[in-house]
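Trainee: Features from TrEMBL:
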type	residues	note
DOMAIN	4-329	domain 'Acyltransferase 3'
TRANSMEM	12-29	transmembrane segment
TRANSMEM	35-54	transmembrane segment
TRANSMEM	75-103	transmembrane segment
TRANSMEM	134-155	transmembrane segment
TRANSMEM	162-186	transmembrane segment
TRANSMEM	198-216	transmembrane segment
TRANSMEM	228-246	transmembrane segment
TRANSMEM	252-272	transmembrane segment
TRANSMEM	279-299	transmembrane segment
TRANSMEM	319-338	transmembrane segment
Amino acid sequence: MKISSLEGLRGAAALLVVIFHMQFMWHGMRWLQGGYLAVDLFFVLSGFVIAATYGERMTDGLAWRIFMIRRFGRLYPTQLVASIALFALLNGSALLSGGMLAARSSLPSPTELFAVFTMSQGLPLYGHLVGLPVTWSTSCEFFVYMLFGALCLALRGRARVATFVALAAFGYGVAVAASIGSASCISAGGCFNLLFDYGWARCLAGFFLGALIAHCRTTRAVVELTRPLTQCLALALAMMVIVVSARDYKGMSLSVASFAAPFVFALLVAALSSDQGPVARLFSLRVFQWLGAVSYSVYLVHDVFRPLLDYFASRATSPVLIGGSFVLVSYGTAQILHTRVEQPWRARIYAWSDSLREKGRSVAIE
């Protein structure tokens, strides 16, 4: 299922992540510091699209295998190439600056290689970010896909809905508790900014909230949310949460506002689910459609260039020039990665999954 406005919204979220990772260069522009919440928007979007597309198709083991093969084809080839590019960049830079010994110190450990090749970076197994830092979230999504598919096979109707609610509530509760407890976000800020440790909880909360919206998308409650005024209010609320969560008031962090993010993003996705209305038309513009098309590639590849951004930002006198160059290089490289790796490998693996489906049909007929 492709809803153009949601594709454009995904592109805007990816751009926000890129800007968030530049924000340290503009001291005082603290409204950018809530950009990490765009990842939670990714999770909600993913849950909605996956549930709307595959929820009713998951009827047997073959359907589950085809679903996982397609998800693998969507995520794995691009993240593997981007991860290898990061290792090459780090080791090449180390070799040029410090010789062979420095380059060896930048080589990934066997454990890190295992994590990258099994896409398990996002599981709470390693105690630190592994490989390309942002891939913790794509790793979490992949394993949540497995869980979603298994649940769709095992459960129907109210039992499925109840389980989605329980998983969303569980993930949300763990994420809030971890933010307040281990991350001390009430005083330090950064609530919900959980990565390799409890990022899986953020993924559970956002994904299954999105899946619930997809399940209820034809109900009167969700249809009412697609009205033009509701769309505008939902977008305004989403922007407000991102901005407010990065602010202080009388010395107290307002980061607790980020705890509303999954619900506000679910409201926004529900409001755009009909793909009609003023906000839907905004995100359906060609520029947002292109941003959406390359969103996965740019989400990965901009992180490859962050070490270079750190290096030049500490030495440059023009942060605007450095930041603009970072954005242009990231999107230019993302376009190449999208056309040379993401699209062709996705097409190959999707074709393989389609052949399995046809083979399964022929066996059933026989």
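Cβ from N, Cα, C; glycine included.
What TrEMBL says about a protein is an automatic prediction, not a curated fact.
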Trainee: Which bits of the chain, at least 6 residues beyond where the transmembrane segment (162-186) starts or stops, bring a Cβ under 8 A of a Cβ in it?
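Mentor: The answer is 147, 151, 155, 192-194, 197-198, 200-209, 211-212, 215, 253, 255-256, 259, 262.
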Trainee: Restricting to the same chain and to residues at least six past its boundaries, which positions have a Cβ under 8 Å from a Cβ of the transmembrane segment (228-246)?
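Mentor: Long-range Cβ neighbours of the transmembrane segment (228-246): 16, 30-35, 37-38, 41, 189, 191-192, 254-258, 260-261, 264-265, 267-268, 270-272, 277-280.
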Trainee: Go through the chain and flag residues at least 6 beyond the ends of the transmembrane segment (279-299) whose CB is under 8 A from any CB in it; none is fine as an answer.
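Mentor: Distant contacts of the transmembrane segment (279-299): 4-15, 17-18, 42, 74-75, 78, 82, 134, 228, 231-232, 234-235, 271-272, 330-331, 334-335, 337-338, 341-342.
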Trainee: Other than its close neighbours in sequence, what residues sit by the transmembrane segment (252-272), given a CB gap under 8 Å and a spacing of at least six beyond its ends?
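Mentor: Residues 3, 5-6, 9, 34, 37, 40-41, 43-45, 48, 168, 172, 176, 179, 185-193, 202, 205-206, 209-210, 212-213, 217, 222, 225-226, 230-231, 234-235, 237-238, 241-242, 244-246, 279-280, 283.
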